[in-house]
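Undergrad: Structure incoming, see below.
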Amino acid sequence: MIDTALIARHDRPVPRYTSYPTAPHFHAGIDQAAYAGWLAALPLGAPVSIYIHVPFCREMCWYCGCNTQITARLQPVAAFADNLVAEIELVGRQILSGPIAKRRRVTSIHFGGGTPNTLAPDDLRRIMMALGHVFDLDSNLDLALELDPRRLDAAFIEAMQDCGATRVSLGVQDFDREVQLAINRLQPYDMVARAVEQLRASGIRAINFDLIYGLPRQSVRSIAHTAQAAAELRPDRVALFGYAHVPWMKANQRLIVEADLPDATLRAQQFEVAVDVLVTHGYEQVGLDHFALPGDGLARALHTRRLRRNFQGYTDDRAETILGLGPSAISATPLGYAQNQTDNSPWAREIRAGRLATARGIALSDEDRRRRALIEEVMCYGTADLTVLPLNAKSELARLAPLIADGLVTLQRGQLALTPRGEPFRRVVAAAFDAYLQPDGQRHSRAI
């Protein structure tokens, strides 16, 4: 059981470190011209991943922190698909304008959102066709889609089959009806079980579940039941995210009754019991909050030290370049990060005018790369080689001192390692190496 005194001393707002530097430090100095140059400079032999953001849902879940808009009409989604195809072609032209005028090899495509299955089945097909025209899609392409089980039908499953989908992630969150009512997402267990059955029958190789702890009206008992029910459906992976309550950033979260939210101690207990249930059912913990069956690629990546952390969380994808398409999507290139216009209208306006929709980003310095590698190692493995830091890294050592004193980490001959009691504080440990982090308390969710 986690020590409440440790929570009181060390729990604070810190990034989730799906990138470094993190998105709050992106700036408008990285514009369309800068990103165009980065695209033209992409190395030829290195694999590329693609992330596509579908910014639509049929109704708003009150807990949601994603960039999405609500529509019940087909026309806005169809228009988005038109613009997305145009963006794919535009990015392809920018890549070919460089000194190496050859198509780049894509090994992974991930549709996120929002809700990707708000797309019409034929729109999914033509988006994939456009990608195939512009990029060299690998014969072992990993094609993953995030799905809302409430909106999943046979026609969309058939379209995924036609496109060669290999993995899906189902937004489960919690099976308890009282919790579902508190977050405006009614989704019975039988609905999820039926979706799993249909997806497996269609030939989808791998299924992920997303669960959330720290939700309103959630208890230790209810999250244990949810983890038990989820494990019995045998998804290949489970992501167990802590709910990030940031109503000053996400207006829909103001609909949540704050008195119904668990405190930090109860959140920690919820996480611990859910971990125990998943591990008891044969899942292996990967990093901070992911779990995988032993034969899954994520578990293998952990043991072979090929695990990575990016905007989708923990992954076995080895591509250094991620091309983000759609509103708010972030691209990661060897030279830096670039983010598209956040809202659909300005993004679409730029694309229709034949311009990249880049709004902001950040160029990477050598120091950024060193710190990013340290932070990623902490987040993935709970270790770090501090000998890569400058000899005068006094601020980092000062931040680590109370963590060492409380037995959360050890430091011997420049080698840092989390202890078992330090595992829940992995983000806090990683934050010790963040040169940009300011203690403003408003940009990030709390660590516990």
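Glycine too: its Cβ is placed from the backbone N, Cα and C atoms.
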Undergrad: In TrEMBL, the S-adenosyl-L-methionine 2 site includes Tyr63, Cys64, Gly65, Gly114, Thr115, Gln173, Arg185, Asp210. Which of Ala28, Ala33, Ala244 does it also list there?
TA: Ala244
Undergrad: Starting from the S-adenosyl-L-methionine 1 binding annotation in TrEMBL that includes Gly113, Glu146, Ile330, which of Tyr51, Tyr213, Tyr283, Tyr381 is the extra site residue?
TA: Tyr51
Undergrad: DSSP secondary structure for Thr115 (S-adenosyl-L-methionine 2 binding site), reduced to helix/strand/coil, please.
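TA: SS state of Thr115 (S-adenosyl-L-methionine 2 binding site) = coil.
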Undergrad: What is the nearest of the binding-site residues Tyr51, Thr115, Ala244 to Cys64 ([4Fe-4S] cluster binding site), using the Cα of each?
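TA: Looking at Cα distances from Cys64 ([4Fe-4S] cluster binding site), the smallest one goes to Ala244.
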Undergrad: How would DSSP class Arg185 (S-adenosyl-L-methionine 2 binding site) in three states?
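TA: Coil, per DSSP.
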Undergrad: When you measure from the Cβ of Cys61 ([4Fe-4S] cluster binding site), how many other Cβ atoms are you left with inside 10 Å?
TA: 21
Undergrad: Would you count the other CB atoms within 10 A of the CB of Gly65 (S-adenosyl-L-methionine 2 binding site), including those on all shown protein chains?
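TA: So the number of other Cβ atoms within 10 Å of Gly65 (S-adenosyl-L-methionine 2 binding site) is 16.
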